[in-house]
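Comments concern the structure below.
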Amino acid sequence: MQPTAETSRRLARLSAHIHPPALEMKDPSTLSPSACRAKGGASGFKVAILGAAGGIGQPLALLMKMNPLVSVLHLYDVVNTPGVTADVSHMDTGAVVRGFLGQQQLENALTGMDLVIIPAGVPRKPGMTRDDLFKINAGIVRTLSEGIAKCCPHAIVNLISNPVNSTVPIAAEVFKKAGTYDPKRLLGVTTLDVVRANTFVAEVLGVDPREVNVPVVGGHAGVTILPLLSQVKPPCSFTPEEVNYLTDRIQNGGTEVVEAKAGAGSATLSMAFAAAKFADACLRGLRGDAGIVECSFVASQVTQLPFFATKVRLGRAGAEEIFPLGPLNEYERAGLEKAIKELALSIEKGVSFIRN
Ligand SMILES: NC(=O)C1=CN([C@@H]2O[C@H](COP(=O)(O)OP(=O)(O)OC[C@H]3O[C@@H](n4cnc5c(N)ncnc54)[C@H](O)[C@@H]3O)[C@@H](O)[C@H]2O)C=CC1
Ligand SMILES: O=C([O-])CC(=O)C(=O)O
């Protein structure tokens, strides 16, 4: 049976409703409320997330949209940003959200940013090490760092993409080449190691994890993740069995999630939580708040290595002060030696990716 003219008209109306005009999908920056009076940026900081449509990027976009210190939030990815942007932009919080899709919009995404958070890149599957991601993620981090050097050379950079032990040196080398390198502004995100350490230590002690602070130093992969259980606050002591259990669980927390997800990726929700916590600390530092201390993988003279994660004090200039390791016990000194050996190779691999 042929549809009547009226039925055809109704079907056309319905279909237009289901498939919104293609224009928005072609140019996601038109998703910004350009015709509205709200422009954002009057006060607060401008933050970009690169890799915003991914497993970490999406919940991180949600958490940064909730952060009252953020006035403008730019969401950049090579896929799916129109949808994520439309979704997050409906939250009735202060930040104005704009989406950017594909390499040709990278410069617009980055221009004017105060803080750039990078969770772009492939995650692990069971059986892989973080270093196995180097082949793909090294190139992604290089391209994004080149964009930062060109469009927002003074932004604070929070680098999440693995292997962090190599991607931070890669970004540093790109910035050096461009003549924009400021070691205080490039921070590898190791907050998830601290978040896990606080959680696991609190479980063992039977206390609230929010009351526990465990410094985790070194890097962000296997034995390079070195929890300093002798320096836990508030002060406490552990049996040798507890120390072995906790060190092993903290060092392999990422693998625990990768195996549980069984091929569907690595930590995303706890990572977004950790990244949002760290980004908030960076923004409070930028605002000039005093006494903001977090662990981060940064350019450092604490050991013989050019990069190392320790406690750093965050301020207007980024990582303004890098704290020494403090007193280590024999177990931790042995762990430090192992960490340094592996870290040296990972750092060198990142440096020579750009230099050679
Ligand atoms: N530092 C840390 O503690 C942690 C780091 N990670 C790392 O974070 C990275 C991302 O993990 P997931 O979000 O789970 O992965 P995912 O695959 O879910 O998301 C990654 C996103 O990056 C995007 N992307 C790929 N190439 C890009 C490019 N050139 N420019 C912009 N975006 C690009 C993808 O389209 C995707 O949306 C991985 O390398 C993972 O190993 C994960 C957990 C913890
Ligand atoms: O384990 C992974 O591949 C992701 C990661 O870095 C973490 O969860 O700590």
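Each residue, glycine too, has its Cβ placed from N, Cα and C.
What you see is a predicted model, and the numbers here were worked out from it, not measured in a lab.
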Further binder of substrate named by TrEMBL next to R124, R130, R196, taken from the candidates N80, N162, N165:
N162
In sequence order, those binding-site residues of G51, R130, S161 whose CB lies under 6 Å from ligand 2:
R130
Given the binding-site residues G51, G55, G57, and counting only Cβ atoms in the protein chains shown, which has the most within 10 Å of its Cβ?
G57
Mean pLDDT across the domain 'Lactate/malate dehydrogenase C-terminal' (190-353), rounded to an integer, is what?
98
Restricting to the chain of N137 (NAD(+) binding site) and a gap of 6 or more, list residues whose Cβ falls under 8 Å of its Cβ, or answer none.
G121, V122, S161, N162, P163, T167
